[in-house]
């Protein structure tokens, strides 16, 4: 599909649940966020149907998100069904890694290609603080299992916040040098509870500068996966570092994605309030041609770019939208 700005839209991010086993401070309050009722959430067979329709419109890549997607029952079955859909070239998943150790090999066997794991600190106590309940040992078990299962390249998503974990930038770079891991530093965005954290923002150029003064960097185009990161190899290292810059140097001109929320809404842009209901027509028995037209309408509504730098704020938590 092509939008009104001649961008090819071939990537669908599907939030398969709004539930999460953690309460990360920049994502949601300690009490969590209001959850949708069971009937409000797309059923697995509905997700598979919409994925099949999306593939028919030109979607070739799907990423499963949440919430935390691995808390969804029968997620392995869902992956297997999605992997069997003609036209879908890649199924990937973003997770906090807590349950990945137990599921990595089953997910790989079902057809999952690779994983991104959210990890904002390498320190046990700090991890517990930021997640309010997590155990970093479980995350490392998940990382090792993902590598062993071949869910590669394994990428670690790191949101850097000033005064909290910016002292670990070089620690993460060292990890990428010593291990076959790909660290993606992501600029803090004004979404959910992070909307009130303006002073915590650290631009990617500052992060890159700190790293390059210690570890020489060279462009790493081999890791290109049609995503927004600018990737670099640490000379002599086993992994890489990448920088995702939604604030300082947005990548809207090459955006190729749609989002499907857990409650069945299509979002043309993460940073836009507009949503299009597709669950309602699906449950009302709409034919697949009508559902395909709804996908096409969502694509036609994609804005040219976001407006976060102009003070726009997303009131919904990332777990509600689908990160």
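Using the three backbone atoms N, Cα and C, a Cβ is placed for every residue, glycine included.
Same-site candidate for GTP binding, as annotated by Swiss-Prot with 13, 94, 155, 257, 258, 259, chosen from 43, 63, 126, 128: 63. The separation of residue 118 (S-adenosyl-L-methionine binding site) from residue 257 (GTP binding site), Cα to Cα, is 20 Å. Once the Cα atoms of 26, 67, 118, 189, the listed binders of S-adenosyl-L-methionine, are compared pairwise, the greatest separation found is 17 Å.
In this structure, 13 is the one among the binding-site residues 13, 63, 155 with the smallest number of other Cβ atoms inside 10 Å of its Cβ. Between the farthest pair of Cα atoms in the GTP binding residues (13, 63, 94, 155, 257, 258, 259), the distance is 21 Å. Across the domain 'Radical SAM core' (4-226), the model assigns an average pLDDT of 93. Recorded residues residue 155 (GTP binding site) and residue 24 ([4Fe-4S] cluster 1 binding site) have their alpha carbons 19 Å apart, per Cα-Cα distance. Every protein chain considered, the tally of other Cβ atoms within 10 Å of the Cβ of residue 24 ([4Fe-4S] cluster 1 binding site) stands at 23.
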